[in-house]
Structure formats: C-alpha cells, structure tokens
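**Student:** Just passing along the structure, written as structure tokens.
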Amino acid sequence: MSFNTIIDWNSCTAEQQRQLLMRPAISASESITRTVNDILDNVKARGDDALREYSAKFDKTTVNALKVSAEEIAAASERLSDELKQAMAVAVKNIETFHTAQKLPPVDVETQPGVRCQQVTRPVASVGLYIPGGSAPLFSTVLMLATPARIAGCKKVVLCSPPPIADEILYAAQLCGVKDVFNVGGAQAIAALAFGTESVPKVDKIFGPGNAFVTEAKRQVSQRLDGAAIDMPAGPSEVLVIADSGATPDFVASDLLSQAEHGPDSQVILLTPDADMAHQVAEAVERQLAELPRAETARQALNASRLIVTKDLAQCVEISNQYGPEHLIIQTRNARDLVDGITSAGSVFLGDWSPESAGDYASGTNHVLPTYGYTATCSSLGLADFQKRMTVQELSKEGFSALASTIETLAAAERLTAHKNAVTLRVNALKEQA
C-alpha cells in the first residue's frame, strides 16, 4: 500500500483496522541468534583477543589500544566547532534540569504505631552505554544516557562504540564526565560489557540502541545468569501524528519524514479527521522527500506507513492508544486538551512548535523510548532506570507486639510454620521479659 493512499478508518472492517495498526515484523533470524551466541561465548572465553579479532573482521579496523586515551579525547574536542560544542552544552543543561527534577523524595512513614517503613533510592553501581557508529554517529545518545547516569550517582560508567570513534561521540563523553571509553562495537561490545574482559569492565546494566546483532546480544545477555540487565526491548523507530484542519501540512510532513529517515523498518502514521489535511500532507511529504539525502531510506519506510482519516479527534486518540507509538505528535488547535486521554505513548509533542526533533536533541526529555507497542507497559528512559529502590522496616517492641497476632494468623493460613515461629518465639521472649 502506497503512503499516498488515504484510508477511511470507518470504512474498514475490524480485521482491516487491526492490519493497519500492525508494525513491520521484527525477529532475529536463526543465523543472527546463532552468530550472536557464538560471539558472546567467544568474548567471554577469550576476552580482549576476541574483541580485536572482531574489530578486524566486522569494522575492518586494527585496534591496538581498546581504551581511548584522555589525550585522544582531548584531541577530538579540539577538532570540533565551537558552535557544535555550545549546542551540546545547551542540550546537556536541559537534559540535566529535567532529569534532576525526577529525583524521588524519600518515603518514611509509620504504617501503625511502632511500625516504621521507608523507601530509599540507590544508584545502579555500574552501567554500560552502547553508542552506534557509522556514517551518522549518534552522539546525542551519549548525552541522553550519560547525563542521568551522572545525576543518579552511578559509580562506574563505561562507553563502547565501534572504531574509529567519531570526534562528536568522544567530546560528548568528555562533556558528560565519562572517562572509560572503549573502541568496541557490535554484539562483541555487549558481550564485553556483560561479562568483562581484561580491558573492559563488567557492568550491571547496559543501555543504548543498535542494529539487529546488538539488539539480539542485549536480549541474550539479559537472560544469562552471568550477564547484565538491559534498559528496554528495542524495535524500529516510529511516530504517530494527530492533526486537525488547523495544522500546518509542511510541519506534519517534516515530522513524519524525520522518523522515516531513521531506517527502512521505521513506521509513520497520520491520523486526522480532515481528508483535505491528509491530501495536503501527502503532497508535502513528496515535496520534502525529494530534497532529503536519505530519501531512499525514508521512501522504504513509507511503504509500511499510513494516512488515516477518522470521524473526529476522539477517534484519533482511541486509535493512537491502540497503537501506542514511540513518538506521538499532536498538532491540533487545542493540543493540550487531548493529553489526559492519551494512555500509551513514549513521548508526546504538543502543538506546532514542538517538533519531534526537539525531544531527540535538546528539550530535556529523553529520546530513548519504548517502541513496537511496548509503551503499553514500559516508560521512556529516565533517572529511575539508573537507580533502584530499596525498602526498610523497623518495628519497636510495642509495634511488633501489636502486629504479632496478625502476622501469625496470616502465616498459619499459608501453612508457613517457620514464618509463624519467627513471630511466636519473639512473642514468648517478650512474655518472659515482662
């Protein structure tokens, strides 16, 4: 189905509607699964030697020193323009402001007299950040991951990226205070972070996007007892735009294309109650597409994308919630009025002047978001992902005495005798003291 085909939602059957909201299938082929498993085992067994071999094989690069020196990072910084450095500084400031505001206040309550319960927060001790390389290095992801890691207080932050690492990535690491940077990419980088090697430290949790091999490696290490936790399941990038007749077609088209250019498996959807708007957006997409360097990539993504006309904005919201987009852009006359009805979205952008690019780079929200329908249960990345919560309880003699019979009754009902005895022994000890 061509992206220029405008679909009337209410003329479709329930099955056709379901098909319209289906995402392009993603699944690791058996060969990818096997290849990744072999890479993980090899890196775990052979450490740095395996990493160097994979760099030569996949990156066509000879890596002598896996760790990037402070001198190399400083030199990279000198090669960047002041304009780019200033832009990064503004982005970091906004990201820092928003994520600092996410700090949870401690919880300290007395649930009943003499029974004190607390919730305290601790940082994840060590985290690994994977930053893809290639022709368009995602240095903005360094800012999005390293900034909350620093605010959370993670003691060790390790960054891996395929060699040769772009100057922008090295400077972003320096700007965010990341000192441990390694010339390692692909599934082998995930293996190094999960298991550790002679050079690369093992970490507790791994963050960051990547290709099918990286995604599969993250999945596999998260399921191994000796592996590492991961940030969230990953899928292709996606955006859904809700627009009414008051929207600017060129703005809508630019937002759709900003996601389509990510990759051929990206998906973009327009929902509008205005058929004229759908036609105008389709025309604007074609005009803008002709000017894009990544036009072919975007055009492939548009093959799995949709222009859908609904009966009203309420139906747009209903359909959006069914789909649960990674990015939701609302370009309507009263965009904020729709927010309360939104139940599933990674990040929401309101009004004509809130392009998705703002969240990708510099507004302050995080651009690491759940995709592929995971918005139903997963949240956008935030400070909490670099922290863990711990509960504390303390009972005084009086508090324990008042609660003892309740605990004994519940434990007995579950036939957990040792649980009951742990209370009864203390009750008897108090009686002897009396």
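Glycine is no exception: its Cβ is also placed from the backbone N, Cα and C atoms.
Among the features that Swiss-Prot reports, NAD(+) binding site is placed at Y130, Q188, N211, with the record citing sequence analysis. Residues annotated as substrate binding site in Swiss-Prot: S237, Q259, H262, H327, D360, E414, H419. Annotation source Swiss-Prot lists Zn(2+) binding site at Q259, H262, D360, H419. The active site, proton acceptor feature in Swiss-Prot is assigned to E326, H327.
Just tell me what is around each of these and how deep it sits.
**Tutor:** Under the DSSP three-state reduction, Y130 (NAD(+) binding site) is assigned to strand.
The secondary structure of E414 (substrate binding site), as reduced to three states from DSSP, is coil rather than helix or strand.
Taking the Cβ of H419 (substrate binding site) as centre and 10 Å as the limit, one finds 15 other Cβ atoms among all the protein chains shown.
Secondary structure at E326 (active site, proton acceptor), taken from DSSP and collapsed to helix, strand or coil, is coil. Sequence-distant neighbours of E326 (active site, proton acceptor) (same chain, 6+ residues apart, CB-CB distance under 8 A): S237, E238, V239, A345, G346, S347, L369, P370, T371, T375.
The number of other CB atoms found within 10 A of the CB of H327 (substrate binding site), across every protein chain shown, is 24.
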**Student:** For the C-alpha pair, I'd like the distance in angstrom between Y130 (NAD(+) binding site) and H262 (substrate binding site), rounded off.
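**Tutor:** That comes out at 18 Å between the alpha carbons.
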**Student:** Measure between the Cα atoms of every pair in Y130, Q188, N211, the residues the record assigns to NAD(+), and report the largest value in Å, rounded to a whole number.
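**Tutor:** 12 Å is the greatest Cα spacing among the residues binding NAD(+).
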**Student:** For substrate, with binders S237, Q259, H262, H327, D360, E414, H419, what's the maximum Cα separation in whole Å?
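**Tutor:** Greatest Cα-Cα span of the listed binding residues: 55 Å.
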**Student:** Measuring Cα to Cα, tell me the gap between H327 (substrate binding site) and Q188 (NAD(+) binding site) in whole angstrom.
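**Tutor:** Their Cα atoms are separated by 30 Å.
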**Student:** On a C-alpha basis, identify the one among Q259, D360, E414, H419 that is nearest to N211 (NAD(+) binding site); the candidates are the binding-site residues.
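**Tutor:** Of all the candidates listed, Q259 is nearest in space.
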**Student:** Name the secondary structure element type, per DSSP in three states, that contains N211 (NAD(+) binding site).
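**Tutor:** N211 (NAD(+) binding site) sits in coil per DSSP, no helix or strand.
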**Student:** In whole Å, note down how far the CA of Q188 (NAD(+) binding site) lies from the CA of E414 (substrate binding site).
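**Tutor:** So the alpha carbons of E414 (substrate binding site) and Q188 (NAD(+) binding site) sit roughly 47 Å from each other.
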